[in-house]
Amino acid sequence: SVNPDLASERQTASFSVEKLTAWLDGGAEYTRMRRAVVQAIESDPVFSTENQYFQSQNERYEAAVRKAVHLQKKMHEMGWTDNSPEFKYIYRAVSGDIAFLLHRIFMRSITVLGSDKQIAKWIPLATQYQLIGSYAQTELGHGTYLQGLETTAVFDITTQEFILNTPKISAMKWWPGDMGRSATHTVVFAQLYIHGKCYGVHPFIVQIRSLQDHSLCPGITAGDIGPKMSFEHADNGFLMLQNVRVPRENMLNKFCEVQPDGTYVRRGSQQINYFTMTTVRISLISDEVVMPLMKACTIAVRYSVVRRQSTLKPGEQEAKILDYQTQQEKLLPQVAAAYAFHFTNNYLQELYNRGYSEIQRKNFDMLPELHALSSGFKAIITQFCTSAVEICLRACGGHGYSLLSGLPSLYTKILASCIYEGENTILLLQTARFLIKCFKAAKAGQPIPPSVTYLAAVKLGKCPARNKLDFLSPHIYTEAYEHMAIRLISSTAAKLQDLIQSGIKKYDAWNQCTVQLAQAAKAHCHYITVKNFAETVEKLEPKAGIQTIMKHLCDLFALHGIFSNAGAFLHDGYISGAQMDMVTASYLDLLPVIRKDAVPLVDAFDFTDKNLNSALGSYDGQVYQRLYEWAQKSPTNKQVSPAYEKYLKPLLHNTLSKL
Amino acid sequence: EALVINDPDFQHEDLNFLSRSQRYEQAIRKSSLMVMKLREYGIADPEEIYWFKSFVHRGRPEPLDLHLGMFLPTLLTQATPEQQDRFFMPAWNLEIIGTYAQTEMGHGTHLRGLETTATYDPATQEFILNSPTVTSIKWWPGGLGKTSNHAIVLAQLYTQGQCKGLHAFIVPIRQLGTHEPLPGITVGDIGPKFGYDEMDNGYLKMDNFRIPRENMLMKYAQVEPDGTYVKPLSDKLTYGTMVFIRSLIVGDSARSLSRACTIAIRYSAVRHQSELKQGEPEPQILDYQTQQYKLFPLLATAYAFHFVGAYIKDTYHRISGDINEGDLSELPELHALTAGLKAFTSWTANAGIEECRMACGGHGYSRCSGIPDIYVTFTPSCTYEGENTVMMLQTARFLVKSYTQVSSGQRVTGMVSYLNDLSRQRIQPQHVAARTVTVRINDPVSLVDAYKARAARLVEAAAKNLQTELNHRRSKEDAWNRTSVDLVRASEAHCHYVIVKLFTAKLSEISNAAVRAVMTELCLLYALYGISKNAGDFLQAGILTDAQITQVNQHVKELLAIIRPNAVALVDSFDFHDVHLGSVLGRYDGNVYENMFEWAKKSPLNKTQVHESFHKHLKPMQAKL
């Protein structure tokens, strides 16, 4: 039965949860499909995550391999393929706890970077799992800065082979997933040398383990890199190469080729390489970043209406902790952010699809904009969602620290997203470089991409709001964000200009402005997020019945941003001190309004209990019983601890000297 | 320190490669040894025990923490002489291992809500202990799950049909000799957590479990044989212990952040990446402004918190003499201040440790960096010993009370004395914000004034908002709740002011000129960075102008470059031994990459060349497809 404290929250919903869910999914038919996939996976015991929190790294790894193998069978059984619409829901259904994710990147890199001949040779083998692939780019000494990679591939004309080497310890490949124990092949990125001349980083297919007995191939040293903060299931690996020879045909050569005589040929645009990174960055936002935040919100909000603590009015029952203003102020902005970034993701997907079809038509004009936006958004969304998940964790008091709450695992996993696929600070600086360039172009009257046209229309003036209700108008707050973004971009551009004119070298000037540049990039992305949220709400049809609550969430997201970055809006007086008080008042007024719909808003994310895997966040709210039940299942309670006989007993009997 | 580090008995495999149950076993082994060695070396001074313990366990929790830190001290302070005779020596000799069972599944910081009952039965002169609901099960106490055979249990006392509130009882939970749970006792481990792997945090459920009347800790409150209840003299006494423990957390914030900074800054000097100037070798990442901007303010914060921790400890020792003589006058302020500072420093350090980890890029995420471990060990301090938001509101209560006193014409003293200035301004119609402070951004003393003005403004704003809510005829509690976000901001501003003030005051005590110079730079960085991050408060209150904020931002960046040459020396000064730091990235010798490889080779997944999963899953799949 559902805990009455949770049931009562659902009775007072101001909107239909089912309708909101369907809207989030992009239509009721997608909701049906998603539920069918989740049902098929969760009803299969092989995919159970029941004892996950009690398992060792070894056990987690084995389970991930078992699931990945079983998934092939399951997909066949269900008639799903990698290209069918069901595919994108599988990952959600297994909660990402599965091996061979790098196998897919291996395949994708061959499809994108390989010639037709190479695709024809390797893709069928990979599809049939005759080999297991990985993707070896990052090294001990270098990550986001690819040009710095130190692995070498020297072309040997006499044998028509490349000789791959790890010349020093910092050149060792480090971190690639699936490489520690599983992979038989990997795509190695190495500096290509022909006749002693370096041609930069290129991809090579290298076999690392025997297809017969899985032992390491000659010249290969590989293994697991040891325990991490999370990802226990993944065998992130290291790889050292000593005079490993691969045939000339193993260099992926759609864009560059080494001919038998050693001639180096370049074809097509180098820009396409950026496109792969853009694809990965955009694709991870939904599953790896926004979804974990939605889960964390679900757990924390449900728990906050079940947990009662202290009294709000003397003599009354203890209050639900979600009725405290401070608790609302912690959680509700995170719920709003989860929605905001869900819509940002839709916006990016749309932009990406448009860009992709342009590229198919050999038009690369959209690439810089797409690259800049995907970098900046990857950075701000991962950063924002990571701290949001941590806020949810700490809003659950002591029980949040129990692994059984599900929150520590969500947190340790999402926080890796701030680093992988490009370290966030570096990504923000890439976006900033694009913005500065566009700003200069706009000033010179040149055309600029659509997402930054606002830079051309520099408006001066003050925020026109006269009372706190004015701050509930999207155009008022959107303009405030726009103004702030322009101010930060233009002042940083001016500063750069000044430094350069004063005789400082360009690179030094850039480094001296990087703190401001990163802030400007963030401001731009924040502005686009708010603007996109407001436009999304505007487009909603009133009859759907969800417009009102979405408008509240949009207001909350926008005002929370102003409230938390007050200095940036007050600076230069666009918003006055008195107006800032209005923002605060409006912001705090929204909390109790959204509070009423808090549970329905997280219910709409539609996670099953198995998917949440949380003693605190389940749909029925039977928090304490579940916590007690699950704790009793802990292996520490089943086995007799050897510590008692060995150490405690002698200690208790004061016979330690015999140890 | 050398005593422990060179002792072969305390050596063991890297904890990162051990399972939870192995880590628990190692911790127990070392604790047992530690007790032996303490006796052997004749170490008895609490301070020395503390250091010895922290070296044995390298700053990590251990199952006897609660026995040594709570059970024994509680016996000393709350047990009668008769009870001390009965329990103290056996506990000292570890025949009795105890824990302190306060938190329940349903209640934590809000102690009055605890549900465990102790009902007095005059017929047998016993207390009957019960866990009447699921939520009343004791949950979280350290060492309760597997280690302890006794617990001090906090329960609602019922006698003669009346509830007399929370009291402490000594409850045996496991049979001496067999270590089996006693009849009526259900006890166990609460399962895996975010860190604290070596600690057996436990649960305890009691069903009509009887203990003799003499097992209630009766130094203050008493229950007489016939059931008559005798009230304690003062309830403020418990403040003393809380102040002490919270002061330890402030110190712990400083230490944990210092460790993370040491690792991140040393690694940033070893790691080379990308290019600043075309064609030149890759620079140390510590030369990038963004990296300095991440790390140096945290370094300054670590120093600031170090001084704050020392201040609270000193103040506590200074006034604990008065407390013993019954003079509690200074206690309320110190209690209010430590609550807020505990929250402020633990929140900041928590975020700072994460920032340090993130500044180490991908390798920070590996357990070999040591930072994940520092984080998971430290982060619960935002919750235990008083949930941080609740702590901030306690400080706010004191601030509002002081403000009200000032409004009614009384003067207040101590750290809140700046509120006295508000009454003088009452004559003027505009609020405190309008007061102009001439801030000199190169002068720490002047910056203290700026922080003071900000605190005054936010305390006043919160108090006024509270009054407005009350004027709308809301109940006191409701009005308080509707103002609580403002109140927390006021507390934060107050704590921030106190920290800047203490750091600044410390500068004049430094006799060595070179040390004073670098500390002054750090102090300025701490103060200016705080202004930059909270520019809204300073702008809105009119304490600083737009132009000054721009100068502040600029000066912060200049300080980064000034501090850069001393950065490694500043973390070396924290003087953490490599063994204590537990980090491959933060090694004193900087030989990072070779040692990462050595470390990884020991990973459990590398025990065999071909993992068993290959034979179990991979091979059959390849055969079938």
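All positions are counted from 1 along the displayed chain.
Cβ coordinates are placed from backbone N, Cα and C, and glycine is handled just like the others.
Automated prediction, rather than curation, is the source of TrEMBL annotations.
What TrEMBL says about this protein:
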- A:GLU421: active site, proton acceptor (ACT_SITE)
- A:THR138, A:GLY177: FAD binding site (BINDING)
- A:16-132: domain 'Acyl-coenzyme A oxidase N-terminal' (DOMAIN)
- A:274-436: domain 'Acyl-CoA oxidase C-alpha1' (DOMAIN)
- A:474-652: domain 'Acyl-CoA oxidase C-terminal' (DOMAIN)
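Locations of recorded TrEMBL features on the structure.
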residue	record	Cβ contacts under 8 Å, 6 or more apart
A:THR138	FAD binding site	A:LYS173, A:TRP174, A:TRP175, A:PRO176
A:GLY177	FAD binding site	A:LEU101, A:LEU102, A:SER134, A:TYR135, A:PHE231, A:ALA234, A:ASP235, A:ASN236, A:GLY237
A:GLU421	active site, proton acceptor	A:MET277, A:VAL280, A:ARG281, A:LEU284, A:LYS378
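In the predicted model, the domain 'Acyl-CoA oxidase C-terminal' (A:474-652) shows an average pLDDT of 93. Contact with chain B, taken as any Cβ pair under 8 Å, is found for the recorded positions A:THR138 out of A:THR138, A:GLY177, A:GLU421. In the three-state DSSP classification, A:GLY177 (FAD binding site) falls within coil. Across the domain 'Acyl-coenzyme A oxidase N-terminal' (A:16-132), DSSP assigns 84 helix, 0 strand, 33 coil. Secondary structure at A:THR138 (FAD binding site), as computed by DSSP, is coil.
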